[in-house]
Amino acid sequence: MWQLVFFALSCDLVLAAAYNNFRKSMDSTGKRQYQVQHGPCSYTFLLPETDNCRSPSSSYVSNAVQRDAPLDYDDSVRRLQVLENIMENNTQWLMKLESYIQDNMKKEMVEIQQNAVQNQTAVMIEIGTNLLNQTAEQTRKLTDVEAQVLNQTTRLELQLLEHSLSTNKLEKQILDQTSEINKLQDKNSFLEKKVLDMEDKHIVQLQSIKEEKDQLQVLVSKQNSIIEELEKQLVTATVNNSVLQKQQHDLMETVHNLLTMISTSNSAKHSLVAKEEQIIFRDCAEAFKSGLTTSGTYTLTFPNSTEETKAYCDMETGGGGWTVIQRREDGSVDFQRTWKEYKMGFGSPSGEHWLGNEFVSQVTNQKRYVLKIHLRDWEGNEAYSLYEHFYLSSEEFNYRIHLKGLTGTAGKISSISQPGNDFSTKDADNDKCICKCSQMLTGGWWFDACGPSNLNGMYYPQRQNTNKFNGIKWYYWKGSGYSLKATTMMIRPADF
């Protein structure tokens, strides 16, 4: 369509150019013919001649003297009329020419436009057909691609869903494993801390053992020097046999004098024993009430029996009347004893001793007793725990301890585990631990799973009493690794 419009405009411009050239030629030259070339066509126009036009030779001089003025005026009017006629003829010819050109050009333009339209229409139809075919082919290809993309998208969505489910499952497993790892790390940290503490304590114990070893080596060296000195003295004594004989004679006289003194002291002892037999009590409270208010060793009888035992009576602490059932003060007595020894008692009542589980069990089951435990550390501090009700079961129940109503300054919590635990020794394991606490911590005691206390443990001297888990300990006063200097356990009737 645009090509047709362009072609029509081109033809109009050509015709206009030809007409302008024709008019210019007529105005400037006055020729009889005019030729127009348009494409393969050539147009020639014949024009009439202007015979009445004045020639240049007939021109007159402008400065001539005008003598016959009227004659010249008529001639000029006539010539003007001729020129006007000529102009009218030329105008008519031009109008005819224009009409002819327009008629011919219209026909040619119509033919050209029809041919152009037909050609363009065929071309456009062919182009449209090709475009439709290409569009159909592209549409088919796009449909195939869309189907492939849809299938691929569906498959990817399924894979994505599967991956999402797998990812969620893995995330849950990772969270569970992370939680387990954190728990294991906490346990590991706790165990590492315990191991480090044990290593530190082990190092301290090794240092203490090393110091004891050095002391023993010094003692052995001293003993070696003493033995050498004794050997020298023995050699000297062997050589000086005569001197020994004289000394033997002197010794015989001394022995005779000693025998005389012993016989005299035996008679005095018999009289003292007879006096003691007259004052026998079931506990120290009865002795106190009878007027004996001096602390010391007294003879006590088992309830409902004539069997006797020696016990130390504290007649000063807290109003007196206390029967001491245990004392630790210098480490002179070994408390790693058998079941039978703890049952009957051992040691000296005036020093370190254990009164005996059987006697304490029988006495505390006759009436209600209180138990007082007095403690002293190596810095001179003292504390106590007082139980308002205390008794021991019989041997049938392993002398199980029973305590109620704790007061005192040695901790707000009882360091003897409750409810009551059975008594254990190195040859009778009655605790609640598979580790045999009596053998690990030494001494007989009411162990739970070893527990927070043991007043019958190993005695450690000053500067060696820390970080000792088998020492004399009372956890809720000094902790589990501090070994005390002195302890006293004593009982008294609750109604005293």
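If you go along the chain as it appears here, the first residue is 1 and each next one adds 1.
Any Cβ shown, glycine's included, is placed from N, Cα and C.
Marked as signal peptide by Swiss-Prot on the basis of sequence analysis: 1-18. If you look up Swiss-Prot, you'll see N89, N119, N133, N151, N240, N304 marked as N-linked glycosylation site, on the strength of sequence analysis. Taken from Swiss-Prot, the feature coiled coil applies to 130-255, supported by sequence analysis. Residues annotated as domain 'Fibrinogen C-terminal' in Swiss-Prot, with sequence analysis given as evidence: 275-495. The annotation disulfide bond is assigned in Swiss-Prot to C284-C313, C433-C435, C437-C450. Positions annotated as Ca(2+) binding site by Swiss-Prot, on the basis of similarity to another entry: D429, D431, C433, C435.
Feature map: annotations from Swiss-Prot on the structure.
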residue	record	DSSP (3 states)
N89	N-linked glycosylation site	helix
N119	N-linked glycosylation site	helix
N151	N-linked glycosylation site	helix
C284	disulfide bond	helix
C313	disulfide bond	strand
D431	Ca(2+) binding site	coil
C437	disulfide bond	helix
C450	disulfide bond	coil
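Comparing the binding-site residues D429, D431 on other C-beta atoms within 10 angstroms of each C-beta gives the minimum for D429. Taking the centroid of the Cβ atoms of D429, D431, C433, C435 as the Ca(2+) site, the other same-chain residues with Cβ within 8 Å of it are S424, K432, I434, K436, C437, S438, M440, F447, A449, C450. Spatial neighbours are here defined as Cα atoms within 10 angstroms of one another, and by that definition the neighbours of C450 (disulfide bond) among the recorded positions N89, N119, C284, N304, D429, C433 are C433. Cβ neighbour count for C433 (Ca(2+) binding site) (all protein chains, 10 Å cutoff from its Cβ): 14.
Checking each of the recorded positions (N89, N304, D429, D431) against C437 (disulfide bond), the C-alpha distance stays within 10 Å for D429, D431. Within 10 Å of the C-beta of N304 (N-linked glycosylation site) there are 9 other C-beta atoms, taking all protein chains into account. Annotation for C284 (disulfide bond): spatial neighbours Y298, L300, A311, C313, D314, M315, G320, G321, W322, T323, R492, criterion Cβ-Cβ under 8 Å with sequence separation of six or more. Rounded to a whole value, the Cα-Cα separation of C433 (Ca(2+) binding site) and N151 (N-linked glycosylation site) is 70 Å. Calculated from their C-alpha atoms, the gap between D431 (Ca(2+) binding site) and N133 (N-linked glycosylation site) amounts to 102 Å. Between the alpha carbons (Cα) of N151 (N-linked glycosylation site) and N133 (N-linked glycosylation site) lies a span of roughly 27 Å. Remark: N119 (N-linked glycosylation site) has no non-local neighbours by Cβ distance under 8 Å and separation of at least 6 in sequence.
Looking at N133 (N-linked glycosylation site) and C435 (Ca(2+) binding site), their Cα atoms lie 98 Å from each other.
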